[in-house]
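These notes are about the structure you will find just below.
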Amino acid sequence: MQFDNIDSALMALKNGEPIIVVDDENRENEGDLVAVTEWMNDNTINFMAKEARGLICAPVSKDIAQRLDLVQMVDDNSDIFGTQFTVSIDHVDTTTGISAYERTLTAKKLIDPSSEAKDFNRPGHLFPLVAQDKGVLARNGHTEAAVDLAKLTGAKPAGVICEIMNDDGTMAKGQDLQKFKEKHQLKMITIDDLIEYRKKLEPEIEFKAKVKMPTDFGTFDMYGFKATYTDEEIVVLTKGAIRQHENVRLHSACLTGDIFHSQRCDCGAQLESSMKYINEHGGMIIYLPQEGRGIGLLNKLRAYELIEQGYDTVTANLALGFDEDLRDYHIAAQILKYFNIEHINLLSNNPSKFEGLKQYGIDIAERIEVIVPETVHNHDYMETKKIKMGHLI
């Protein structure tokens with residue numbers, strides 16, 4: 001499929017045009033027509049009903065839903081993706097409420113600041129959906145995408161969406177969506193691209209604290225940050241004056257290795273080696289909450305169970321339904337930019353960290369190898385990292 005950039009899609013939306021938004025292939029893997037309520041014209045919903053044919057819904061922010069008393073359709077939401085349907089509505093000025101014109105009126109009244117809860121009949125023919133406050137950074141759904149896109153165009157936080165169906169009633173995917181795009185000359189974007197757009201556009205960290213931290217390897221300055229959209233807590237150790245071409249270690253949290261000194265991995269040894277190096281040469285350690293390459297502690301323990309049955313660290317993750325590495329280094333890049341650092345010497349054996357930082361504007365001037373000894377318990381793990389994951393060890 002041929003996707004457009006987010007800026008061109010925003011321009012189309014602001015011109016009153018709908019666009020196609022495609023979600024993750026591991027999710028619904030479908031395309032929705034999306035329009036911004038404030039900018040859409042009288043033909044938008046008619047076009048959705050005639051050409052897309054899916055259910056026409058109206059994503060709104062939580063503030064709008066609460067102000068208009070749009071309560072959840074059911075108390076026990078068992079939808080597989082947790083879509084927050086409210087009770088359906090018609091505006092009181094409609095007749096049957098089902099015509100394209102009347103559904104447009106109902107949608108427009110949702111964003112009218114003078115509208116009140118009593119102005120909507122329930123049930124009706126338009127289906128509001130409530131978006132998560134943090135948008136696609138909290139949930140990668142079409143609901144959140146529509147509200148985020150509305151905000152990015154400067155409009156009130158509401159949209160109208162409709163799934164795209166083929167002529168035979170099946171859901172349009174892949175090349176079907178490409179043909180739909182070309183036939184109707186529409187912009188098409190992915191939710192993944194919208195997520196990356198927002199990450200680059202908006203600050204994601206908040207500085208919270210700074211203290212002196214004496215350790216077995218020297219005394220460091222410890223900074224505490226909070227991730228704005230996930231509430232994760234990140235700590236940073238620094239030694240000496242902070243400067244360009246700083247020596248930097250990105251260390252993914254590993255409770256078993258860092259705290260309990262597990263010999264299944266080399267994480268604890270790499271952390272200690274990096275602390276010694278930074279203490280001697282100056283630099284920074286960014287300690288990221290990315291347990292188990294992003295799958296979390298309990299899932300890492302489940303992966304260990306599979307490793308005991310003959311899997312390796314990569315195939316175990318895959319068997320559990322995860323990619324081999326879920327880590328993203330945008331938060332690390334944001335922290336570096338907080339300290340006005342754009343060029344670093346990276347303490348790492350992992351090429352994916354180089355690429356992960358480069359895509360967020362961080363230049364890697366030099367790689368500093370982190371050398372730690374193998375143990376009888378982590379030999380296979382180290383070999384897998386080298387052979388399957390390309391680690392430079």
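Cβ atoms here come from the backbone N, Cα and C positions, even for glycine.
These features come from Swiss-Prot:
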- R27, E28, D32, R139, N140, G141, H142, T143, E163: D-ribulose 5-phosphate binding site (BINDING)
- E28, H142: Mg(2+) 2 binding site (BINDING)
- E28: Mg(2+) 1 binding site (BINDING)
- H125: site 'Essential for DHBP synthase activity' (SITE)
- E163: site 'Essential for DHBP synthase activity' (SITE)
- 201-393: region 'GTP cyclohydrolase II' (REGION)
- R249, L250, H251, S252, A253, Q270, E291, G292, R293, T313, S348, K353: GTP binding site (BINDING)
- C254, C265, C267: Zn(2+) binding site (BINDING)
- R327: active site, nucleophile (ACT_SITE)
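A map of Swiss-Prot features onto the structure.
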residue: D32; record: D-ribulose 5-phosphate binding site; DSSP class: strand
residue: H125; record: site 'Essential for DHBP synthase activity'; DSSP class: strand
residue: H142; record: D-ribulose 5-phosphate binding site; DSSP class: helix
residue: E163; record: D-ribulose 5-phosphate binding site; DSSP class: strand
residue: R249; record: GTP binding site; DSSP class: strand
residue: C254; record: Zn(2+) binding site; DSSP class: coil
residue: R293; record: GTP binding site; DSSP class: helix
residue: S348; record: GTP binding site; DSSP class: coil
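Across the structure, A253 (GTP binding site) and C267 (Zn(2+) binding site) are spaced 8 Å apart at their Cα atoms. On the backbone, the CA of E291 (GTP binding site) and the CA of C267 (Zn(2+) binding site) stand 11 Å apart. Note on proximity: among N140, E163, R249, R327, S348, the recorded positions of the record, the Cα nearest C265 (Zn(2+) binding site) is that of S348. Site extent for GTP: among the recorded binding residues R249, L250, H251, S252, A253, Q270, E291, G292, R293, T313, S348, K353, the largest C-alpha separation is 22 Å.
The two recorded residues, N140 (D-ribulose 5-phosphate binding site) and C267 (Zn(2+) binding site), have Cα atoms 31 Å apart.
In space, C267 is the closest of the recorded positions E163, C267, R327 to R249 (GTP binding site), judged by Cα positions.
Same-chain residues that are not part of C254, C265, C267 yet have a Cβ within 8 Å of the Cβ center of the Zn(2+) site turn out to be S252, T256, G257, D258, S262, R264, D266, G268, Q270. When the recorded positions H125, H142, E163, H251, S348 are screened for a C-alpha within 10 angstroms of the C-alpha of C267 (Zn(2+) binding site), the residues that qualify, in sequence order, are H251. Residue environment of E291 (GTP binding site) contains 19 other Cβ atoms, counted within 10 Å of its Cβ in all protein chains.
Between the CA atoms of R293 (GTP binding site) and H125 (site 'Essential for DHBP synthase activity') there is a gap of 45 Å, rounded to the nearest whole number. All chains included, 22 other C-beta atoms sit within 10 angstroms of the C-beta of C265 (Zn(2+) binding site).
Spatially, by CA atoms, the recorded positions H125, H251, C254, R327, S348 include one closest to H142 (D-ribulose 5-phosphate binding site), and that is H125. C254 (Zn(2+) binding site) sits 16 Å from S348 (GTP binding site), taking the Cα positions as reference.
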